[in-house]
Amino acid sequence: MEQQLDFLVDKVVAELQKKLGEATEQAPSPKAETGGLIQLRSEPKAEPVASATTAPTQAPVANEQPAPSAEPERTTHVPNPKYKEGLDELLSSTPARIGVWRTGVRPLTKTMLELRRDHAAAVDAVYGEVSQAVLDQYSLFTVETQYDNTENYLKRPDMGRVLTEEGVRLLQERCQKKPQVQIVVSDGLSAAAVDANLKDVLPSLMDSLKSYGLTCGTPFFIQGGRVASMDHVGEILEPEVLVLLIGERPGLVTAHSMSAYMCYRPRKGMVESERTVISNIHRQGTSPVEAGAHIGTILSKMLEQKASGVKLVL
Amino acid sequence: MNTKTTVLGQTYQFRDLKEVFAKANEDKSGDQLAGLAAADSRERVAAKQVLADLTLADIRNNPMVPAEEDEVSRVIEEGINEKIYSEIKNWSVAELREYILSHQAGDNELKRISRGLSSEMIAATAKLMSNLDLITAASKIKVVTHANTVIGQKGVLASRVQPNHPSDNVQGIKASLYEGLSYGIGDAVIGINPVIDTADSVKDILNMTKDVMTKFDIPTQNCVLAHVSTQMRAIRNGAPADLIFQSLAGSEKGNNAFGIDVALLDEADELMRKEGTSYGPNFWYFETGQGSELSSEAHHGMDQVTMEARCYGLARKYNPFIVNTVVGFIGPEYLYDSRQVIRAGLEDHYMGKMHGLPMGCDVCYTNHMKVDQNDMDNLGILLSSAGVNFVIGVAMADDVMLNYQSTSFHDIAAFREVMGLRPAPDFEKWLEKMGIMENGRLTAKAGDPTIFM
């Protein structure tokens with residue numbers, strides 16, 4: 001078992017390195033990456049949805065996080081498998097819910113409840129709110145978009161891209177203008193992702209910026225934000241570069257995945273290919289601490305090259 | 001053309017066909033987002049009333065997206081059989097709806113009339129149909145297609161096994177594939193959505209699936225749902241592809257956002273004729289879904305039901321083996337809750353069948369929609385009763401790569417058992433040979449993926 005775990009950890013680390021490389025090589029472009037359902041995604045790049053090149057790496061590694069949406073238990077209920085060792089081999093090769101057995105043509109009660117439990121966690125993440133304590137810890141004040149309420153947020157992505165008048169006023173009053181780096185945090189589609197990852201991502205990002213000798217403006221939190229809300233912030237504060245840490249659409253394996261969208265001189269009318277993204281930031285995916293450091297590196301390159309997205313060479 | 005009517009004492013004057021078409025739709029968040037939806041139920045009924053009295057000639061003579069501006073419109077327009085159209089052009093949409101639902105219109109009659117109809121006319125009838133109308137009409141149309149095997153027969157519910165893996169690990173894909181096969185799933189296609197969209201990776205997965213098919217003598221088809229141009233490169237490099245896949249939009253601009261146009265589809269079609277590995281004559285696999293045009297701002301001010309119908313107008317040019325709508329995938333800004341997803345699933349299936357297409361459905365949802373697995377149970381049973389050609393099978397409904405939920409292997413087995421449906425005949429014989437199925441029921445061995453090891 002331990003050996004298997006080591007093997008899995010190795011595999012995951014290898015994958016992560018590959019993914020992190022891939023994720024940052026290019027902003028996901030619809031033409032390069034489309035395929036199948038991915039082509040039909042609502043806003044494959046603009047929204048906090050794992051895209052094809054940055055699809056989550058979800059391997060069945062041990063999970064320290066007490067997440068209700070932890071990885072499915074890797075036990076099998078097939079009573080008399082033809083090849084018992086083979087079943088373990090299959091289970092270790094995928095996080096998919098296989099080897100689950102059945103009663104008649106329906107799933108066993110335990111399997112059914114696991115699915116419902118993980119769905120509940122995902123739904124909670126969408127409808128949840130970011131903990132005030134987490135925001136306070138990093139002195140993030142809150143501004144809202146015009147989303148109004150969660151139902152409207154889900155139906156009207158356009159309203160999640162524009163801050164309220166009050167929000168604009170707050171930014172003008174409280175934020176440093178024309179900073180070199182602007183950090184913005186938003187709940188997006190998973191408040192739980194902010195709660196789970198901010199404490200790791202933010203300090204390592206700050207350290208990284210410091211090591212590159214970059215200065216940071218006044219960070220804040222956007223409630224009800226969509227990816228393109230960074231464009232509106234760009235208009236108001238005119239940063240050189242901006243990073244938006246935003247909750248992704250929750251999946252069943254994890255509801256805690258976060259994306260970092262980065263842009264050089266963000267402004268209204270940005271096209272998606274001008275953004276650079278690291279997605280799949282969570283403890284079973286791209287490690288939040290590593291992600292924070294990596295974001296710092298990317299931002300410094302953006303400043304050097306005065307470019308982001310597909311034009312950025314990493 | 002009359003676009004004015006009175007409902008419950010209030011007079012409504014609609015601006016043009018686009019407005020009538022949009023406001024006649026059942027309530028959808030996507031039409032609201034586009035600013036096209038009816039303000040209330042009364043206005044919705046008014047639009048339906050106006051639409052019911054329009055003639056088919058009104059619809060054809062007032063093109064909503066002119067053929068000069070859009071190649072999808074050209075494909076639809078060029079596909080119309082003038083002889084059949086001239087017989088029915090003076091029918092109102094109400095009359096067309098009643099003909100489609102009448103006992104005199106059976107499978108043959110509906111297939112014939114389909115050739116005289118544009119996608120917009122078919123969409124118009126969907127707007128005047130209740131959910132049960134959509135089921136009743138669709139259930140009369142059997143679209144039988146042949147690649148390596150034949151699916152679409154009466155009494156058959158086929159399935160795509162979708163063994164996706166978050167990093168395209170070939171062993172991991174195989175594991176889910178074995179699990180699916182052991183539940184009798186995979187007669188429509190073994191279809192994988194790849195994470196990595198490169199020709200080499202696509203080729204590896206096509207080779208692996210082909211090897212499994214050969215080793216166990218499985219009568220089905222393989223497909224990797226990468227971008228069509230990636231699949232073409234893989235095929236040119238010798239990859240064995242029984243089917244070729246592409247997502248479609250209902251406008252040229254929407255297709256451009258997918259990185260395709262008619263010329264590219266024609267080129268892929270030609271390539272498959274020469275180098276595809278299935279018997280044919282049907283070798284295309286298309287996916288569509290309400291709202292995708294709006295998401296790329298390519299909807300030309302039109303509602304999502306009509307745009308969806310236009311995808312089918314494009315699809316029928318290529319005589320596909322299978323088509324499915326990924327109904328609940330596009331997101332809550334287009335279909336907000338279970339009511340809207342169920343409605344859209346039935347609309348899409350009906351409109352596809354009325355185009356003569358082998359329609360399936362990815363009965364599915366994302367976690368930010370007001371939908372859960374119970375709603376998928378409902379839609380799955382409704383579509384099974386409507387004669388859907390195939391549905392998607394994912395281990396316990398949870399796609400660990402695309403992060404959404406579809407129907408499970410168990411669900412498809414249950415749809416078959418409850419509705420008295422069977423796998424495709426060749427595949428069922430194979431399941432019997434493998435000891436997985438007997439007399440249309442799963443055996444005690446079913447559900448053990450290690451029988452393939």
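Positions of Cβ are set from backbone N, Cα and C atoms, glycine also.
TrEMBL labels come from automatic prediction, so no person has curated them.
Marked as substrate binding site by TrEMBL: B:Arg160, B:Val161, B:Gln162, B:Asn193, B:Glu287, B:Asp362. As annotated by TrEMBL, adenosylcob(III)alamin binding site applies to B:Pro194, B:Gln246, B:Ser295, B:Met401.
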Q) Select from the binding-site residues B:Arg160, B:Val161, B:Gln162, B:Pro194: which have any Cβ-Cβ contact with chain A shorter than 8 Å? A) B:Pro194
Q.
Just to verify a number: CA distance, B:Gln162 (substrate binding site) to B:Met401 (adenosylcob(III)alamin binding site), in angstrom, no decimals.
A. 10
Q) Three-state secondary structure of B:Gln246 (adenosylcob(III)alamin binding site) from DSSP? A) strand
Q: Please tell me which one of the binding-site residues listed here (B:Pro194, B:Gln246, B:Ser295, B:Met401) sits closest to B:Glu287 (substrate binding site), measuring Cα to Cα?
A: B:Gln246
Q. Hey, of B:Pro194, B:Gln246, B:Ser295, B:Met401, which of those binding-site residues are within 10 Å of B:Val161 (substrate binding site), Cα to Cα?
A. none
Q: With an 8 Å cut-off on Cβ-Cβ distance and a minimum sequence separation of at least 6, pull the same-chain contacts of B:Pro194 (adenosylcob(III)alamin binding site), or say none.
A: B:Asp168, B:Ser201, B:Val202, B:Ile205, B:Val224, B:Leu225, B:Ala226
Q: Could you check what DSSP calls B:Gln162 (substrate binding site) once collapsed to helix, strand or coil?
A: coil
Q | Nonlocal residues around B:Arg160 (substrate binding site), in sequence order (Cβ under 8 Å, 6 or more apart) | A | B:Gly186, B:Ala188, B:Val189, B:Ile190, B:Gly191, B:Ile322, B:Asn324, B:Gly360, B:Phe390, B:Val391, B:Ile392, B:Gly393
Q | Cα-Cα distance linking B:Met401 (adenosylcob(III)alamin binding site) and B:Asn193 (substrate binding site), given in Å to the nearest integer | A | 8
Q) Including all protein chains displayed, how many Cβ atoms other than that of B:Asn193 (substrate binding site) lie within 10 Å of its Cβ? A) 24
Q) Using a Cβ-Cβ cut-off under 8 angstroms and a sequence gap of six or more, which residues of the chain neighbour B:Met401 (adenosylcob(III)alamin binding site)? A) B:Asn164, B:His165, B:Pro166, B:Asn193, B:Val195
Q: Tell me the Cβ neighbour count for B:Glu287 (substrate binding site), meaning other Cβ atoms within 10 Å of its Cβ, over all protein chains shown.
A: 26
Q. When DSSP states are folded down to helix, strand and coil, where does B:Pro194 (adenosylcob(III)alamin binding site) land?
A. coil
Q) According to DSSP, which of helix, strand or coil covers B:Asp362 (substrate binding site)? A) coil
